[in-house]
Amino acid sequence: MADIKITFPDGAVKPFANGSTTADVAKSISISLAKKAVAGKFNGELVDYEAPLTEDGKIEIVTKDTPEGLTVLRHTASQVLANALHQLYPEMHFGQGEASDDGFSFDTDNADHQVSSDDLPAIEAKMKEIVKANLPISREVLAEADALKLVDGDPYQTQLVKQAAAANDGQVAVYRQGDFVDLSDGVQMPSTGDVKIFKLLSVAGAYWEGKSSNPMLQRVYGTAFFNQKDMDADDVRRKEARERDHRVIGNDLDLFFVDPKVGAGLPYWMPNGATIRRTIERYIIDKEIQHGYEHVYTPVLMNLDAYKTSGHWEHYREDMFPPMDMGDGEMLELRPMNCPSHIQIYKHHIRSYRELPLRIAELGMMHRYEKSGALSGLQRVREMTLNDGHTFVAPDQIQDEFKRILNLMVEVYADFDIKDYSFRLSYRDPKNTEKYFANDEMWEKAQKMLKGAMDDLGLDYVEAEGEAAFYGPKLDVQTKTALGNEETLSTIQLDFMLPDRFDLHYVGADGEEHQPVMIHRGLVSTMERFTAYLTEMYKGAFPTWLAPHQVSIIPVSEEHQGDYAEKLRKQLAAAGVRVTVDDRNEKMNFKIRDAQTHKIPYTLVVGDKEKQDDTVSVRRYGHDESTSEASKDFLSDVLNDIASYSREN
RNA sequence: GCCGACUUAGCUCAGUUGGUCAGAGCACCGCUCUAGUAAAGCGGGGGUCGGAGGUUCGAAUCCUCUAGUCGGCACCA
């Protein structure tokens, strides 16, 4: 057989015997590379390390230190987990395994004994046996009929075989490790012995195929690494994520609480949390007004008919609080969103094209009956206040307005020092269009318009089908919570539907009536979610302008310098600084420690020396040393710090 | 909503196979010490062990139901 030509990433081309493997190629380059290699990437496709290459192509060696290498390892770990489960529970039905950014998982269904976290040690022990046995892993391709025989009536596997066969000319790939054979579409390590560093983490339910109408399987989660150092670092990362969790910090810093006896998902803002929220609220209102928004207040209760007209009742009835029957035929609804309210504002006057874009904004309190399992701290609640805004534009103003909103958003993010986010264009699901407002032309046009605007601005984004609102496509800004869950922070949504349903119009230059387009937009999400987000981002160490307590004054001796401390407090407070004197009957060290654990940006220690010179000894949060400053200078420093949204904390 | 685990003082947690097991630290209150950059000392108050049933001579501990929390899944206008 003729040699095949292998092209390397640097462009070099070398002949290899037909049927050579990635391993052969790697070894030909260097022994050290072969040691690090776990798989190949041949013509852009991940291939097994020992898979024969039978045509010309470009190769990349996938090594242990790449994300792809880690995925290969975790795929293998997932298969080892499946093997262990199979040995421990022969009757168990198997769903799918997965490798993720975080680790790996495998789904199972066992009628007699559902796997629970108590079983993890035994499963892990069995996995260790399999790893120790160092079983070679090989890929085999079977005909559909043989694959079906192999899975022996397992309902989930049978379905997977059929799907795989349908997608691949009746061929189904399986991986064998010892006697255990399993379906897998992922490239794997050469041997079970390669899965040296791993552990199981948790068990949780997961719907088969991700559909809530399907049965629920038990998903075992674990993680795996190539070396102990990375595993240890991952442990630390998980631990730090928990410390960053806004629910933990919210409790430690006394920001908010939720009392299940009073109502799940109904948060109470303690003074500290309320101060942060108030600061955010004042900031965003001022910012929006500067940018041409008109801020309004509208009722939290509204006639149910408005939500029937908007379509929300039809789409979200289950997630709304039940309407109040007032007894005389009137039905009042706790509003789940603010659009109809702002539409009322729009409709209150005859609108001229000269008024457009008309920007209506509100910190609108809304209530949604979120499913109990969805509730989480301040991130998912049943009463929330949304930084909401609706701009009403003429059709030819859409793109400009979209860009304006985006610019405003970027400005706001900069003020909060938010850097870690990504854009997602959310389209309707083309396979499931009945969920959405029925107007194909509108969807096509609107989606194209959003994409065009993003491309014009040169911004990177991912496109997500099925993530649109029922009335239109949107641009979402995605961030991550401390625990790594994705959440939407900002959103800009195009809406051609509500203006039609509510019969909105404006008088054009031609004297005729025209229909406006609505753009729904939220910059900083709800006060609840945004506060949670900031708490996690800053790890509770809020920058001075947001910190509930900005300055703590500690007299060395209350008796001797108490009057000076109080004089300083008055000066600072009069300038608008949130300042307290710590006059408790405690030692100075205790109070300094207390100020630090409460993450107060500035601690001022004042003793006889400071009193005499009218100075302060300043210690910033997180710093070990202190500096001496004239009290006047300190005041101007703090004020400057606040005014500039300084991020030093 | 679904699967699983969990729920003991304001907070974080101990409580072995049901039998002085109702505890600790922090916080809180009181007293003493008047402090120079991350916890002074002593003393005190505080919980019908999430709730409701049940088993038992006896339940924080076992069973059932229920609420909530957590981890996921689904949902997220």
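Placed from the backbone N, Cα and C atoms, the Cβ positions cover glycine too.
Sequence annotations record features per position, and here TrEMBL assigns domain 'TGS' to A:1-63.
Residues annotated as domain 'Aminoacyl-transfer RNA synthetases class-II family profile' in TrEMBL: A:271-543.
The annotation Zn(2+) binding site is assigned in TrEMBL to A:Cys339, A:His390, A:His520. All protein chains considered, the CB of A:Cys339 (Zn(2+) binding site) has 23 other CB atoms within 10 Å. In the three-state DSSP reading, A:Cys339 (Zn(2+) binding site) counts as helix.
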In three-state DSSP terms, the structure that A:His520 (Zn(2+) binding site) belongs to = strand
Quick one: give me the count of other CB atoms within 10 A of the CB of A:His390 (Zn(2+) binding site).
-> 24
